[in-house]
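In what follows, a structure is listed as structure tokens, so that the remarks can point back to it.
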Amino acid sequence: MISRTPLFRTSIPIQRTLATNVKPRRKRTVFTDELNKGPSFEDFVSGKAKDMMEDPLELARKDPNAKLPKWLKVPIPKGKSFHNVKKDVRELKLSTVCEEAKCPNISECWGGKKSEATATIMLLGDTCTRGCRFCSVKTNRKPAAPDPNEPENTAEAIKRWGLGYVVLTTVDRDDLVDGGARHLAETVEKIKQKAPQILVEVLGGDFRGDLDMVEILANSGLDVYAHNLETVEDLTPHIRDRRATYRQSLAVLERAKKTKPSLVTKTSLMLGFGETDEQIMKTLKDLREIGCDVVTFGQYMRPTKRHMKVVEYVTPEKFDYWRDTALDMGFLYVASGPLVRSSYKAGEAFIENVLKKRRHNVGETPRLQSVAKPSVY
């Protein structure tokens with residue numbers, strides 16, 4: 001006979017047995033604590049979570065009473081000069097990085113006196129083939145073909161404005177065989193034909209690492225060759241388009257200098273991505289090793305919610321520190337401040353003076369010892 005054993009033995013104290021096997025509760029982790037501080041399920045249902053997760057700059061755009069670092073506040077663009085520059089830009093069908101990149105200094109640069117008002121013209125259209133996580137310029141794999149009249153129109157606009165110094169920048173055009181290098185060179189040549197006295201700075205791309213294209217632009221007649229590193233080496237893969245590398249950008253600046261040693265070479269760094277002091281120092285050393293003359297520091301400001309969040313709003317005092325540090329390392333000129341941008345005009349007067357002295361072979365130009373703070377903060 002088969003004996004049948006009950007499935008459950010009622011004599012066993014089930015509850016007590018389960019209780020004795022319960023492990024002690026784990027300590028809360030840092031992640032859990034931070035998660036509990038954030039929005040709850042009810043916040044998401046009510047719609048409050050969205051506001052709880054926005055950074056101060058985003059909130060300030062919606063709520064005038066929200067806290068925003070005072071050094072990041074700028075005046076509303078207005079004035080006769082501002083509207084005149086805007087009119088010329090529209091009439092000649094030009095693009096400007098001032099508008100496309102939502103530059104905070106547009107009211108100062110466009111709204112200055114006639115001798116000071118300027119716009120940084122963006123060549124090769126208003127659409128980039130790359131998609132860096134900090135940039136608000138439109139992107140597309142196949143932008144419209146470059147306007148063949150753009151070099152002539154650009155030269156005409158610059159002649160109208162009566163400038164002594166002009167900055168040209170460009171979108172990346174990986175869809176073009178030469179990356180747009182010859183178009184940029186032609187624009188510089190047209191400007192020099194119409195107004196030989198004008199000093200020209202070009203903020204160019206990396207041409208996919210084709211250094212022959214760098215040489216074409218360097219030999220076009222420009223006076224300042226600028227190419228931006230944007231950030232430190234460790235953060236580059238997370239911030240810039242994957243086709244742009246830190247070492248490739250250094251190679252561009254180095255080749256430009258070797259091609260024409262009289263050129264002033266220039267680059268810019270944005271702070272606020274979470275970079276460390278050690279990483280910034282390493283970047284400055286790398287730049288000095290390749291003979292880069294000018295560096296600028298500015299605060300990264302998130303253009304839209306689709307872009308990288310700001311990790312830190314760097315104080316004006318910290319920007320002063322990096323200005324002094326870079327000057328001590330031997331840079332010819334340094335512009336450093338929350339609202340400074342790569343094409344910001346704060347340094348142009350000094351660079352213009354340096355270049356004019358070089359044109360007239362007036363010995364060695366001494367390095368600038370003191371740089372005035374930009375008036376925008």
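Start at 1 and count along the chain as shown; that gives each residue its number.
For all residues, glycine too, the Cβ spot is worked out from N, Cα and C.
Features of the protein shown, as given by Swiss-Prot:
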type: BINDING; residues: CYS98, CYS103, CYS109, SER343; note: [4Fe-4S] cluster 1 binding site
type: BINDING; residues: CYS128, CYS132, CYS135; note: [4Fe-4S] cluster 2 binding site
type: DOMAIN; residues: 113-332; note: domain 'Radical SAM core'
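DSSP assigns CYS132 ([4Fe-4S] cluster 2 binding site) to coil, not to a helix or a strand. Neighbour count (other Cβ atoms within 10 Å of the Cβ, all protein chains): 22 for CYS135 ([4Fe-4S] cluster 2 binding site). Its own atom aside, the Cβ of CYS128 ([4Fe-4S] cluster 2 binding site) has 23 Cβ atoms within 10 angstroms in the protein chains shown. Excluding the listed site residues CYS128, CYS132, CYS135, the same chain places ARG130, GLY131, PHE134, SER136, VAL137, THR139, VAL171, ASP172, ASP241 with Cβ atoms within 8 Å of the centre of the [4Fe-4S] cluster 2 site Cβ atoms. Other Cβ atoms within 10 Å of the Cβ of CYS132 ([4Fe-4S] cluster 2 binding site) number 20 in total over all chains. Taken together, the residues of the domain 'Radical SAM core' (113-332) have an average pLDDT of 92.
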